[in-house]
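Trainee: Straight out of TrEMBL:
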| type | residues | note |
| --- | --- | --- |
| DOMAIN | 25-444 | domain 'Enolpyruvate transferase' |
| BINDING | K40, N41 | phosphoenolpyruvate binding site |
| BINDING | R113, D327, V349 | UDP-N-acetyl-alpha-D-glucosamine binding site |
| ACT_SITE | C137 | active site, proton donor |
| MOD_RES | C137 | 2-(S-cysteinyl)pyruvic acid O-phosphothioketal |
Amino acid sequence: MNTLVDDAKQHGSAVGLSVDRITINGGKPLQGRIELKGAKNLVTKAMVAAILGDTPSVLKDVPNISDVRIVRGLLEVHGVTVTEGEEDELILDPSAVETAHMADIDAHAGSSRIPILFCGPLLHRLGEAFIPDLGGCRIGDRPIDYHLEVLRNFGAIVEKLPSGIRMSAPNGLHGAKVSLPYPSVGATEQVLLTAVLADGITELSGAAIEPEIMDLVNILQKMGAIITVDTDRVIRIEGVDKLDGYTHRALFDRNEAASWAAAALATEGDVFVGGARQAEMLTFLNVYRKVGGAFEIHEDGIRFYHPGGELKPVIIETDVHPGFMTDWQQPLVVALTKAKGVSIVHETVYEQRFGFVDALVEMGASIDVHKECLGGRPCRFGQRNFQHSAVISGPTQLHGADIEVPDLRGGFSHLIAALTAEGRSTVSNVGIIARGYENFITKLELLGADFELEG
Ligand code: EPU
């Protein structure tokens with residue numbers, strides 16, 4: 001069976017989504033209000049951090065997405081008791097943490113890359129950790145070399161086995177001087193989750209400083225860690241002997257906020273995104289305004305809308321924070337098909353994040369992808385045959401088509417494309433969207449989309 005289809009079904013069923021396909025009658029503006037919960041890219045890491053505590057942790061605003069289900073399953077196979085508290089709250093009790101079998105880890109990990117982040121905490125608690133082959137969205141090679149190097153720096157012994165990787169730390173983990181070749185989000189989290197209980201001081205240079213990472217730092221500080229964040233991508237961690245559990249309300253999901261904002265613009269709609277905040281979205285908001293979108297900042301969220309008039313083309317380069325996030329480009333590209341003129345999106349974080357545009361082209365968009373670094377500065381993918389710059393000429397009117405979700409963010413952009421298109425579109429493999437968008441079907445309904453679900 002096609003593994004993408006399998007993957008979609010697995011993600012969908014994890015959150016009770018029993019359908020694979022949505023048929024959308026496009027052309028209706030999205031209008032109304034939706035509420036965000038905690039960020040996928042923080043919540044899943046915060047759940048792992050609970051392993052480090054001597055007492056239970058309480059995480060609030062946990063979204064019902066399949067990535068959370070996967071991490072929950074992984075925690076449970078490692079002996080962590082996970083219970084649901086009051087509304088959207090998870091209580092994570094790590095007092096009986098134990099080694100899990102590779103087969104169980106593999107079965108629970110599915111296509112997730114999260115198991116790699118279990119390594120530091122498990123090495124501290126148990127002296128060993130296993131990780132299966134890792135998946136994640138198909139948006140490039142997504143190697144784990146930085147992670148393995150980081151763990152070796154702390155003193156871990158890494159052995160490659162036919163079924164995955166085994167790590168051990170017979171002499172414990174020790175603070176280290178670590179320098180990342182690229183400010184990787186995951187590798188920075190790896191350093192944080194490992195250094196907090198390592199013996200001595202760790203100095204990380206070239207760190208990623210995304211708001212989700214800063215919220216993880218907040219959580220670790222609540223647990224008892226000592227972490228200093230400098231202005232030059234240097235993070236210093238003084239290892240401590242023990243950490244307690246935390247109680248924390250997760251940072252809102254700014255990637256989801258940007259996705260609904262793009263949907264409001266592309267459909268000429270008006271969507272109030274409850275829980276969205278300005279500070280973490282400054283860069284997105286600037287671009288939204290330049291394209292011709294309008295927004296109002298409120299205390300309890302942000303209203304995103306199309307104010308009328310023509311949309312304008314832009315040149316964007318995705319980058320690490322505080323740049324324009326890679327996860328924002330796919331939904332926004334759909335709105336750019338409606339802008340008058342030529343837009344350029346230069347993707348500098350993942351080498352293959354334009355797979356989703358084939359479907360847009362089939363629907364009538366004019367998008368060419370190039371291997372050159374278009375739009376400004378050269379990036380690490382230039383001269384390497386990766387189609388990582390997109391040129392979008394508009395305005396074009398999209399028409400309905402049968403399309404298949406390729407990955408999480410690309411999938412959401414397909415939904416937006418179908419919502420803006422003239423006529424009917426069938427979007428299949430929508431289960432993948434459940435990896436990171438909570439209740440997206442209910443939200444579409446709330447916003448007045450015209451669609452039917454198919455099994
Ligand atoms: N990289 C390596 N070696 C490594 C690790 C990363 O070469 O060992 C490269 C990657 O291949 C990529 C770049 O470094 O080209 C950046 O990757 P990073 O490690 O920053 O990404 P990640 O931690 O795997 C997280 C989010 C992504 C988000 C990126 C960038 C999670 C679970 N995932 O991925 O989110 O796009 O940071 O901000 O936090 C999504 O939500 O759809 C998603 C893909």
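Glycine residues also receive a Cβ, built from the backbone N, Cα and C atoms like all the rest.
Map these features onto the structure and tell me what's around them.
Mentor: Other C-beta atoms found within 10 angstroms of the C-beta of N41 (phosphoenolpyruvate binding site) number 24, with every protein chain shown included. In the three-state DSSP classification, N41 (phosphoenolpyruvate binding site) falls within a helix.
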Trainee: Within the chain of K40 (phosphoenolpyruvate binding site), which residues six or more apart in sequence place their C-beta under 8 angstroms from its C-beta?
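Mentor: Listed in sequence order: P63, I65, D67, V68, D253, N255, E256, R435, G436.
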Trainee: Pop the mean pLDDT for the domain 'Enolpyruvate transferase' (25-444) in here, whole number is fine.
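Mentor: Residues in the domain 'Enolpyruvate transferase' (25-444) carry a mean pLDDT of 95 in this prediction.
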Trainee: I need the CA-to-CA distance for V349 (UDP-N-acetyl-alpha-D-glucosamine binding site) versus N41 (phosphoenolpyruvate binding site), whole Å please.
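Mentor: Approximately 16 Å lies between the Cα of V349 (UDP-N-acetyl-alpha-D-glucosamine binding site) and that of N41 (phosphoenolpyruvate binding site).
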Trainee: Please work out the number of neighbouring Cβ atoms within 10 Å of the Cβ of D327 (UDP-N-acetyl-alpha-D-glucosamine binding site), leaving out its own Cβ.
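Mentor: So the Cβ neighbour count for D327 (UDP-N-acetyl-alpha-D-glucosamine binding site) comes to 24.
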Trainee: Let me know how many other Cβ atoms fall within 10 Å of the Cβ of R113 (UDP-N-acetyl-alpha-D-glucosamine binding site).
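Mentor: Within a 10 Å radius of the Cβ of R113 (UDP-N-acetyl-alpha-D-glucosamine binding site) lie 18 other Cβ atoms.
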Trainee: So how far apart do the UDP-N-acetyl-alpha-D-glucosamine binders R113, D327, V349 get, largest Cα to Cα in Å?
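Mentor: Overall maximum Cα spacing for these binding residues reaches 17 Å.
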